[in-house]
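What follows is one structure encoded as structure tokens, with my remarks underneath.
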Amino acid sequence: MEEKGYTLDGTVNLNGDPVLSSTTGKWKACIFILANQLFDRFAYFGVSANLVIYMTSELHKDMVSSVTSVNNWSGTAWLTPVLGAYIADSYLGRFWTITFALLIYAIGMGLLVLTTALECFKPKCINEICKASSTQLTLFYISIYTIALGSGILKPNLSTFGADQFDDFRPKEKVLKVSFFNWWAFNTACGTLAATVFLVYIQERFGWGLGYGISAIGFLLGAVSFFMGIPIYRHKSRQCKSHANEFFSVPMAAFRNRKLHLPSNPSELHEFALEHYIVAGRRQIYHTPRFRFLDKAAIKASNRDGSNPPCTVTQVETIKAILGMIGIWLLTIIPSNFWAVEVTMFVKQGTTMDRNLGPNFQIPAASLWSFVVVTILICLPIYDRCFVPFMRRRTGLHRGLKMLHRIVIGFSIQVLAAAVMYFVELRRMEVIRKEHITTGTQVVPMSIFWLLPQHVILGLANTFLMGGLLEFFYDQSPEQMKVLGTAFYTSTVAAGKYTNSLLVSVIDNFSKKLSGKSWLGNNLNDSHVDYYYAILFVMSALNLSLFLWVQRRYIYKKENENEVNAIEILKEET
């Protein structure tokens, strides 16, 4: 018989009543959340996967401008989660922020369907010169950036809300939460696969309006799935505090106490008893030796006049955790460039190659990205069901590997992928020279499946990175700022998109000054994408070396791990 009991982590139902649920009931709640996430990824990647092709073929923008526009849009979609985290943690809570995001998302999807389906919003061609008007471009950008806003606010809250369904104070459920993050990545892959295989083909074969219309239907199915779970969801109670004030209070207190002597024994610093945190449904964070200058904020002697009470060790360690995550976050920016390359340069590269599969079928270039997703779908269950239990027996860690070790493996595989990308492009350039191809309309007699190895290798890298980064930032974030932790993950993707736009622009401008033409010009058959991949390889290798040095010195957040009977505590209080 399954154990049931009141939770210790401050969770209630939508009416504010304490929750009494079994592990099975919590997984049922997660199913509704995962269903929403599946359809959300289907809708989002149905828009983003082929967006660079839409901009070049339908809006008639040049390649560098299209790549930059897609990266900036995608970066916004992955940066706005920071806004979603702030709204949820400071004002609305997870559930109502998700509801608000779904409303914005719906408006954006509706606008996109209208702007791509109705003839009056499509660019007109005069004397074979096609150009979108400023009104058409404005409406199009309003629609996709509204989608970016809704999707961005939704991203961190949905995953965090799913993780909230499990009780942090029960070790067995902490193990289940690890599986939840892996299945979250698996679900992302499923939605992406359906979009890149099915929707991309619909868009190119039957029309963009129909393709985006199916994306909108997928979004609506996801929203309905989420709201079906309302009766069984668990909601963490929100503390009405300004996280900004809390973040700055510790450094200010440390600066104020800068001339005071710091005790050598951390037990002499100010801290509440463990029972205080258990009753409050929170976790006490133990002292760590990193960022020692902040420990002065918890010196007891600073409270002699009572005007400035000292911070607790838990408050100080909360700020230390954020600073530690920022350091790791900075080193994820360059690896995140690969997520931009997959949906921009790979797609344009594929359009130049032989895409015929039989006499009557041509593979959409964006559909090759599905092999990234298929690799993830194959590898993630193996990782979760075979690799993690095997490593758990070897290391004694419930995750199997330390979180940063998992990320290191992913970054290492990315470096290998960059090398493969470079050599495949060298081969493509060799065929171009051999066949005397000069124009961008000529097809390179080289199968698009030459790009398959780099897609598969990046899929393997994402197996380690998608769940690894999400779990790391969620786990290491302060307890009352879990959505912010998830936003750290999404903002790494945003930073990768923006830096990739910057990298493309810098290479474009530099190469024009150096040789008079761009290495990343509209005609990829007369460009040097191989130089671009070589630069990405060098940057990734150097970043990996620095990350290896940092991860060895990283100190993980230490919390109390006591499993406490919640019923007994409730009885003691009464």
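Each Cβ is built from the backbone N, Cα and C atoms, and glycine gets one as well.
Please treat TrEMBL annotations as automatic predictions, because they have not gone through curation.
Annotation source TrEMBL lists transmembrane segment at 95-114 (among others). Within its own chain, the transmembrane segment (95-114) has Cβ neighbours under 8 Å at 14, 40, 43, 47, 84, 87-88, 121, 139-140, 142-154, 157-158, 161, 209, 212-213, 215-216, 219-220, 223, 226, 233, 235, counting only residues six or more beyond its boundaries.
Residues or ranges marked as transmembrane segment by TrEMBL: 180-202 (among others). Beyond its flanks by at least six residues, the transmembrane segment (180-202) meets 30, 34, 37-46, 49-50, 159, 162-163, 165-166, 210-211, 214-215, 364, 366-367, 369-370, 372-374, 376-377, 380-381, 383-384, 388, 462-463, 466-467, 470-471, 474 of its own chain at Cβ-Cβ distances under 8 Å.
Cβ atoms under 8 Å from those of the transmembrane segment (208-233) belong to residues 13-14, 21, 25, 28-29, 31-33, 35-40, 42-43, 46-47, 50, 54, 58, 95, 98, 102, 105-106, 109-110, 112-113, 116-118, 158, 161, 165, 195, 198-200, 202 of the same chain, restricted to positions at least 6 beyond its ends. Summarising the annotation, TrEMBL assigns transmembrane segment to 208-233 (among others).
Sequence annotations record features per position, and here TrEMBL assigns transmembrane segment to 322-341 (among others).
Positions annotated as transmembrane segment by TrEMBL: 361-383 (among others).
Sequence annotations record features per position, and here TrEMBL assigns transmembrane segment to 404-424 (among others).
According to TrEMBL, the feature transmembrane segment maps to 455-474 (among others).
The transmembrane segment feature in TrEMBL is assigned to 486-511 (among others). Through the fold, the transmembrane segment (486-511) approaches residues 64, 67-68, 71-72, 74-79, 81-82, 84-85, 152, 155-157, 159-160, 325, 329, 332-341, 344, 469-470, 472-474, 477, 517-520, 528, 531-532, 535-536 of its own chain, all at least 6 residues removed from its boundaries and within a Cβ separation under 8 Å.
The transmembrane segment annotation in TrEMBL covers 531-550 (among others).
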Recorded stretches the transmembrane segment (361-383) and the transmembrane segment (455-474) touching, at least 3 CB pairs under 8 Å: yes
Remote residues contacting the transmembrane segment (531-550) - C-beta distance under 8 A, at least 6 residues beyond either end: 327-328, 331, 334-335, 337-338, 341, 345, 407-408, 411-412, 414-415, 418-419, 421-422, 425, 503-504, 507, 511, 519-520
